[in-house]
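Positions annotated as domain 'NADH:quinone oxidoreductase/Mrp antiporter transmembrane' by TrEMBL: 23-288. Sequence annotations record features per position, and here TrEMBL assigns domain 'NADH dehydrogenase subunit 2 C-terminal' to 290-343. What TrEMBL records for 96-115, 127-146, 152-171, 178-196, 202-220, 240-258, 278-298, 319-343 is transmembrane segment.
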Amino acid sequence: MNPHAKLISTVSLIMGTSITISSNHWILAWTGLEINTLAIIPFISKSHHPRAIEAAIKYFLTQSTASALILFSSMSNAWHTGQWDITQLNHPTSCLVLTMAIAIKLGLVPFHFWFPEVLQGSSLITALLLSTLMKLPPITLLLLTSQSLNPTLLTLLAISSTLIGGWMGLNQTQTRKIMAFSSISHLGWMIAVIIYNPQLTILTFILYTMMTMTVFLSLAQIKVLKLSTMLISWTKTPTLNATVMLTLLSLAGLPPLTGFMPKWLIIQELTKQEMTPMATIITMLSLLSLFFYLRLAYHSTITLPPNSSNHMKLWRTNKTLNTPTAILAALSTSMLPLSPLIITML
């Protein structure tokens, strides 16, 4: 990719995200989302492979549809209420249309079909951007309008996303698709609590971003795109593979790792709000996700002789954890003792 094009796209990504998360006017927020969409497309299509081009087209079509719906929602709200302020979304139809638009942007069920396909057609670093940075502006809009949204609709979106995110990830062999369904499942948890405790949604998103960055950066370093390659990668970089295993178990939400904290707090909050059935359902559905995280962890580290595959072993290299990945890995696995401090800050 041309360095100038890369620089322009990166600056545009940062600028688009900043505009959306800092604006209180619908047109400004919409402009930031459009800049974001156009800036990420060169990163998706940079390999010029047919699958990458297909992913870029799918991404453009879905995001432009969602942006049009957001614009329509804000205009109809302004028509009925005379308000362009994001927090003044009071018209019921506008609220419904906005929820659908943001569900498309985030890849929530039933609008999730584009997300795994786009991630599969992208490089690991682009997939990381799509799973983390590109989710920030839509989630910010949801947070700003959360008090106006329909709780029943959000609950349905949350339960279906947790279900499909876990269920569809079970039979996958490509690491990027597995991480895509992991993202859908985690978004279900965030949406479940967004009305009752928006700060908890922000915390969950930050911790999810941190853990996902660790996994993607580690996979990019050992160049693993599918499970069969992961089977033999332990001979190449044992330390890195052990780190990946711990981070995956943290993403699964197992104690005493960092990922247990947001799920524990979300279940606690839902119980306080007298939504124990909802808490029970999403906890049971998270067992589906746990299965494929354990499968990934098994493939990354626990497959040792005489149980290894018949693939040729790779040369062992001197590659070690680079500093950012090491810091992220430490945070992704050891922040649970800080829970009391974090709870007081919420």
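Yeah, the Cβs are placed from backbone N, Cα and C, and that goes for glycine too.
Remember, TrEMBL labels are computer predictions, not curated facts.
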Across the whole of the domain 'NADH dehydrogenase subunit 2 C-terminal' (290-343), what does the mean pLDDT come to? Round it, please.
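Per the prediction, mean pLDDT sits at 74 for the domain 'NADH dehydrogenase subunit 2 C-terminal' (290-343).
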May I ask you to check whether the transmembrane segment (96-115) and the transmembrane segment (152-171) make contact, with contact taken as at least three Cβ pairs under 8 Å and only pairs 6 or more apart in sequence counted?
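Contact confirmed: at least 3 Cβ pairs fall under 8 Å.
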